[in-house]
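Per TrEMBL, the features are as follows:
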- 20-101: domain 'Nucleoside transporter/FeoB GTPase Gate' (DOMAIN)
- 20-45: transmembrane segment (TRANSMEM)
- 57-85: transmembrane segment (TRANSMEM)
- 123-143: transmembrane segment (TRANSMEM)
- 163-187: transmembrane segment (TRANSMEM)
- 218-237: transmembrane segment (TRANSMEM)
- 268-293: transmembrane segment (TRANSMEM)
Amino acid sequence: MKKLLTCFEDAFAPSVKTTLWLLKIMVPISLAVILMQHYGVIAWLSQYLNPVFQYLGLPGASAIAFLTAASVTTYAGLAVMMSMALTMREATILAVMMVLCHALPLECAVINKVGSNPYKMGLLRIMAAFIAAFGLNFVLPSMPRPFIARHTVAADVSVWDVVWQWACGSVRMSLMILVLIYTLMVLQRILERYNIMRMLVVPLRPVMRFFGLPENAAYLWLVGNVLGISYGSAAMLDLEDSGQITREEANEVNYHLIMNHSMLEDTMTFGVCGVSAVCILSVRMLFAFCLVWGRKGLKRVMREVGAG
């Protein structure tokens, strides 16, 4: 019991620190977007982006949220989403794009350390985001309900009213993020303290075969899916150095993880805003499955052509 209570105690200070770090990124971005929306900049940009994003079932302004997430973090992209008037259908499509393609500079640099090509991985993630959005636009039913965090800014409202409305929304957003981060960090510490992740390695071997991954990569897969690419890459480097996994095997796992990682954090982040967790998880796993097996099939064909 004492060990469990320690997990809750130890998670609080890092949660506050992480939340403050995220808010330093999110708050200025969300304020900038609100002001751009108030002064008509978003509407001006949308007219140029609408021709492309209309095929994805999204307004042109949503490109700002996607580009923010792709270059910074999912949380920064969410901050932009929370500053826009979106339907739940649009929010779902945009959320899937963002979980497939976010924090590219950081995460591509991380996977480069374990031997994967960062440019190829980045391009694959961008392509996956647009393909997924295009497909979801065809299969998702009408979802006219407004996105849970929708903000409406009237054209005749003063800029001070806009800032006040933004400030109230930002306080709610900050509290939501703190609760989310704290919950995640408590779960992370419970998994580590009770050695739960290593206990799950053997039962996960059939899952590895299903996804086309090496059986001895089960621990890497679990770390990457629960804690993210950064933690997963750190574990990969450790196992590579000890000879427990080859660089090629680590590269195979990365092809899966670029599509499907941080399942707990990313799913909860958008889930608390009303976006379907089933949709997010199923699309990510489908793309991870297709990418790994598609790569295996392509390599087999190339070997046969080379041998012939």
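First residue shown is number 1, and so on along the chain.
Cβ atoms here come from the backbone N, Cα and C positions, even for glycine.
Per-residue pLDDT, averaged along the domain 'Nucleoside transporter/FeoB GTPase Gate' (20-101), amounts to 85 for this model. Nonlocal intrachain contacts for the transmembrane segment (163-187), taken as residues 6+ away from its ends with a CB within less than 8 angstroms of a stretch CB, comprise 7-8, 11-12, 14-16, 18-19, 22-23, 26-27, 30-31, 34, 75, 79, 82-83, 149, 151, 153, 264-265, 268-269, 272.
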